[in-house]
Amino acid sequence: MAGSHPYFNLPDFTQPSPSSTPPSLPSHQRCRPSDATKGLLVALLGGGLPAGFVGPFSRMAYQTSHLPSLELLICRCLFHLPIALLLKLRGDPLLGPPDVRGRACLHALLNVLSIGCAYSAVQVVPAGNAATVRKGSSTVCSALLALCLESQGLSGYDWCGLLGSTLGLIIIVGPGLGTLQEGTTGLYTALGYVLAFLGGLALSLGLLVYRSLDFPSCLPTVAFLFGLVGLVGSVPGLFLLQTPVLPNDPLSWSCVGAVGILALVSFVCVSYAVTKAHPALVCAVLHSEVVVALMLQYYVLYETVAPSDIMGAGVVLGSIAIITAQNLSCEREGQVEV
C-alpha cells in the first residue's frame, strides 16, 4: 500500500505535489488606494489639467470678440443649471437641507467671486501669470486656514512640497511684478494681479466651507447652487458695469462652450478631492493648471514665456511629484485608514 512509512513518517512521493504558486490574498486583504491618494489623483487629472485650458480659452474669447468677464461667467453658470434635473429625479431639494442651506449658498457665492476675479484678471495679465497668482494664494491660504480652524497638520514632506510649489510660483510671477509699467497700463496690470490673489483667497474659503457640508447629494447641490447664485449676481452686474456682447464668430462660441464644459468637470473633481485629502495639498496639486496654461500661452496664444516661467514650472512639477509620492499609499480592504 503506497503511503508514508508508519515508522519514519516519510512523505508519499506517488501523489502529485501541490502547486508552488502562492495562494492569492483573500478579498478583504487586497490593497486599494487610500482616500488621500484617490483625492489627489482626481484633483490632478480631473481638476488641474482641464482648468489649465479655461484661462487661455477665456483670453481667446476676449481677444476675438471682447467678451466681458461677467458674460463669460454667465455662460459658465448655464452649464450648471441642468444639474437641477438630477436633483429632481432623486427627490432632493434643489437648495439643500434647511439646516445647511446657508453654508451651501455661501460656498456658491465664494466660488462665484473666485471665478469672477479670475476671469477679470485673465483679461489684463497673461493667462499663465493669473493662474499662478490665484493658485499660489489659494494654496497658502488653505494651509493657514486648515491649521488655524481645523487643527489639521501636515507631514514634513507635505510642507516641503507646499513650499516648493509656492517657490515655483514666485519664480514665475516675480520678474513680472518687478517690471510693472508706470501709468494706466501698469495700474491695470497690478489690479489684475490683485484680482487673481483675491480669487485664490475666495477659492480657499470656499473649499473650507465645502468640507463642513455633509448631506446626501451634496456635490450636485453645490454645483447647481453655483450656477444659480452666479446667474443672480452676474446678470444685473453685466448690464450695470459692462456692455453685453453677442459673439458672431465660431471661434468665440467654441471657446465659450469649452470653458463651460471644462470648468464644470474641474469644479466637480475639485469638490470631490477636497473631501478626501487636505485642502492645501489639493490646491498644490492644482498647480498643474499653471503648467498647462503656460504651454497654451506659448503654443496657442503666441505670448512670450520667459525662462523664469519654464524654471518655475519645473519647480512646481517637482513639488507636485513630492506631494503625490508622499501620499501614494494603499490600505487593506476592510481596514480603517488611520
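Cβ atoms here come from the backbone N, Cα and C positions, even for glycine.
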Original post:
From 59-78, 99-118, 159-178, which range did TrEMBL mark with transmembrane segment?
Top reply: 159-178
Original post:
Per TrEMBL, which of 39-57, 305-323 is transmembrane segment?
Top reply: 39-57
Original post:
Taking all residues of the domain 'EamA' (191-324) together, what is their mean pLDDT?
Top reply: 86
Original post:
Where among 159-178, 190-210, 222-245, 251-274 do we find the most Cβ pairs under 8 Å to the transmembrane segment (281-300)?
Top reply: 159-178
Subject >> Spatial neighbours of the transmembrane segment (251-274) far in sequence, C-beta under 8 Å, 6+ residues away >> reply: 39-40, 42-43, 45-48, 50-51, 53-54, 57-58, 60-61, 64-65, 67, 72, 75-76, 78-80, 111, 115, 207, 210-211, 219, 222-223, 226, 282, 285-286
Subject >> Contact set, same chain, for the transmembrane segment (222-245): CB under 8 Å, 6 or more residues outside the stretch >> reply: 65-71, 73-74, 76-81, 83-84, 87, 94-96, 104-105, 107-109, 111-112, 115-116, 210, 213, 264, 267-268, 271
**OP:** May I ask for the residues of the chain that lie six or more residues beyond the transmembrane segment (159-178) and have a Cβ under 8 Å from a Cβ within it?
**Re:** 125-126, 128-129, 132-133, 135-136, 139-140, 143, 193, 280-281, 284, 287, 290, 294, 306, 308-309, 311-316, 318-320, 322-323, 326
